[in-house]
Structure formats: C-alpha cells, structure tokens
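Data block below; observations after.
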C-alpha cells in the first residue's frame with residue numbers, strides 16, 4: 001500500500017484538516033464514528049482508501065493524521081465536534097501556551113518541548129503503514145505555530161524519514177487583509193527553513209479564496225468555514241488519485257517528477273473549477289472544455305498573481321468525474337493554441353493529465369453545487385514569484401526599522417537569521433527569474449562572459 005500521513009499544524013492547519021477529513025469521510029461513506037457500512041472486508045488493507053485511513057480489527061476506520069497546536073482551543077473543537085469518535089485521542093496533540101504569532105516561539109522555545117511527542121505519534125502511525133509514501137503537511141505561513149513549529153517538524157521529519165516525500169499545503173498571507181502584523185517575518189523565516197525540506201508546496205491565499213467565494217458562490221461575507229470547505233475540495237482533488245481507482249492515477253512522487261523542474265522551484269499554483277453555487281449549476285452544462293478553460297483564468301487561482309505575465313514550466317490537470325481522455329485531449333489542444341498561455345521554451349509538452357472516475361462530493365448544506373465533473377490544475381509558473389516579491393517587500397519595510405525584532409531575539413533567535421532568510425528568498429526570486437529566461441538567449445549571454 002502507498003500510505004500518506006497528514007499532519008495538521010496550528011489553527012489554520014487544524015481547521016483545514018477538519019474540512020478535509022469531513023469531506024474524505026463523505027467521499028468514502030465513512031460515518032463520524034469511523035464505521036463504513038459499504039466496506040464488507042473487516043481489516044482488509046487493500047482498498048484504495050486505506051492510503052488515508054487505517055482499519056482496526058473492529059472495522060473502525062481511523063484517519064492517518066496528526067493534529068498539533070501549541071494551544072488547546074482549536075483542537076478542543078475537534079475533541080468535542082461531530083468527528084470526535086473518528087480520531088484516536090493520541091492523534092490530537094496540544095500544548096498549553098500559544099506561539100503568539102511568533103516564529104521563534106513555535107520553532108525554538110515552545111515548539112521544542114512538544115516536537116518529540118509529535119514525532120513519536122508520527123512514528124506510531126508510520127509503523128502501521130506497509131509502504132509509507134510521504135507526508136502532507138498543512139499549515140499557515142503567518143502564524144507562530146504554523147510557521148515556526150511546522151518548519152521545526154519538517155526538519156526533524158527529514159532526519160527521520162529522509163527519502164519520503166513531504167508535500168505542504170500552506171496558507172500564504174493575503175496581499176490586503178492580514179491576521180497578524182508580523183506575518184511577513186514569519187513567512188520568510190519559515191520559507192527559508194523549509195525550502196530544502198519540502199518537496200512540493202501548494203500555496204493558498206485567503207484573499208484569493210475570499211474573492212472566489214464572493215464572485216462564484218455569491219457569499220457576501222465568507223467565513224473561514226466557507227474558505228476551508230473550498231480548500232478541502234482542492235486538497236481532495238489533489239489526493240483523489242491516491243484514494244480512488246481511476247483511469248490515469250497520479251502518485252505523490254509523480255507530482256514532484258512532473259511539476260518540479262529544479263528542487264527550489266517547487267511552488268505550484270493551484271486552480272480549481274468549477275466553483276459554482278447550486279442555483280447556477282442547475283442551468284449550466286459544464287463541459288470538459290469549459291472547466292479546462294476556466295483553469296487558465298486568474299480569477300480561479302488560489303494565489304493572487306497573474307500567469308499571463310509569467311511562463312508555465314509544467315502543468316498537471318487532475319480531472320475527476322465523468323471525463324474521458326478524448327475530451328481532455330481536445331480541450332488541451334485548444335488551450336495550446338491560445339497565445340495568452342506561454343510555456344518556457346525548454347518545456348515543449350508540459351501537460352500531465354490524471355483522470356479519476358469518482359465524481360466530486362459536496363458537503364450537505366455547503367455552498368458548492370454538486371457537479372458531474374471537476375478539474376484541479378497544478379501549474380508551475382514563474383508568475384508565483386510575484387507573491388514572493390510582495391512578501392519580501394513587506395519584510396523589508398519592517399526590517400529596515402527593526403520593528404518587532406526584539407520579540408524574536410527574546411525567544412532565542414539571532415538577528416542574523418533574519419538577514420539569512422531574506423537573502424535566501426532574494427535568491428529564490430532570482431531563481432524564478434532565471435528559469436523564465438529563454439534558453440537560446442541564455443547561451444548567447446554565457447558566450448560573452450568568457
């Protein structure tokens with residue numbers, strides 16, 4: 001079996017975890033108490049959903065997941081919520097004091113007290129796996145636990161499980177709205193620390209998702225529940241090929257092989273279609289061509305940036321539902337003829353396709369319409385460098401005045417770490433710039449240097 005272990009860190013990670021597991025349970029027909037009426041084989045570990053759920057002798061299905069937060073309130077909601085019986089109490093780990101939006105607290109002072117406990121729980125989960133394929137880590141960039149503790153955990157996972165892939169789902173600080181003043185510091189410190197430990201990081205920015213909820217679902221004031229359910233759909237689409245049988249299935253390592261041209265350039269942009277409310281869906285027939293085109297609209301992206309200004313390096317289309325290869329090929333052929341979509345010249349084909357016959361499931365009483373087919377596009381584009389540039393600029397404004405730095409130094413960090421992290425991100429921006437340059441020009445320039 002190719003099992004995946006999900007690790008949800010901090011408030012954002014835990015709340016997205018709730019949305020994801022709620023959706024997985026609905027998709028697989030697993031009840032909140034872990035029973036699965038449709039699964040006749042007790043303890044049989046060969047069903048494809050066993051990548052995400054382990055099965056006890058009593059026929060109970062337990063998520064292969066760990067929830068960690070440095071303060072108890074958010075995880076307590078899981079402990080008392082609808083799905084409280086689904087999780088083993090040991091999978092829900094909380095500390096007593098908050099990381100207080102401070103990377104240094106999450107990474108050094110408070111994080112180090114709890115990290116061994118978390119790794120121990122992860123080890124117990126990995127012992128139940130026959131062929132662990134990797135970890136999915138959910139966290140935010142802006143919070144103290146999400147930035148500091150997640151990066152500490154990933155460093156330690158690299159030591160203990162060197163060869164296993166680690167995929168991140170990270171909540172990137174929104175351009176306009178901010179939940180903490182020190183977000184730019186935390187984001188840049190965590191990106192610098194995890195850059196070498198993460199194999200692939202899918203970024204999601206709250207503002208982009210707010211806009212999608214407002215525009216496509218007509219929700220005037222989207223709540224985090226609305227956002228998380230939408231994020232849940234996306235995560236579900238990315239992991240669907242691991243949990244269901246399909247025509248063209250995609251494995252965790254396959255994402256990396258097809259999306260990451262260079263180790264550092266591992267931040268694919270995620271687009272999902274169709275996001276549509278129930279009343280609208282009733283009147284529209286969403287064909288494969290339509291949803292494929294929708295993926296290339298910046299309005300459907302999960303991070304605010306404009307791919308029309310950048311170039312695509314690789315593109316992964318994950319279809320689910322009533323989709324046949326013939327339609328997909330036709331849709332992609334049409335996309336390739338459009339001038340607005342530019343690929344780097346060193347990557348001529350650039351499309352990888354996955355097809356899964358399980359149609360998208362929606363949460364009852366949610367905002368999304370039940371549709372016959374959906375697509376999630378993961379694209380590695382140079383445009384995402386805009387997001388880094390934005391963040392770096394905010395960091396520079398604050399760091400020039402050394403604002404708030406004493407909180408970090410007081411928790412045992414050194415000021416040198418700030419400048420080191422900032423230099424690393426400057427290098428990352430440069431890397432993105434260089435991949436986008438056409439190779440022919442590049443060769444000519446190299447000739448002049450010698």
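Positions of Cβ are set from backbone N, Cα and C atoms, glycine also.
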Listed co-binder of GTP (same site as 11, 71, 140, 144, 145, 206, 228, source Swiss-Prot) among 51, 179, 253: 179
Number of Cβ atoms other than its own within 10 Å, given for residue 179 (GTP binding site): 15
Set of same-chain residues at least 6 away whose C-beta sits under 8 angstroms from residue 145 (GTP binding site): 9, 10, 11, 68, 69, 70, 71, 98, 99, 106, 111, 139
Alpha-carbon spacing, residue 179 (GTP binding site) to residue 254 (active site), which is rounded to whole Å: 35
Integer Cα-Cα distance in angstrom, residue 140 (GTP binding site) to residue 254 (active site): 25
Euclidean distance between Cα atoms of residue 206 (GTP binding site) and residue 254 (active site), Å: 27
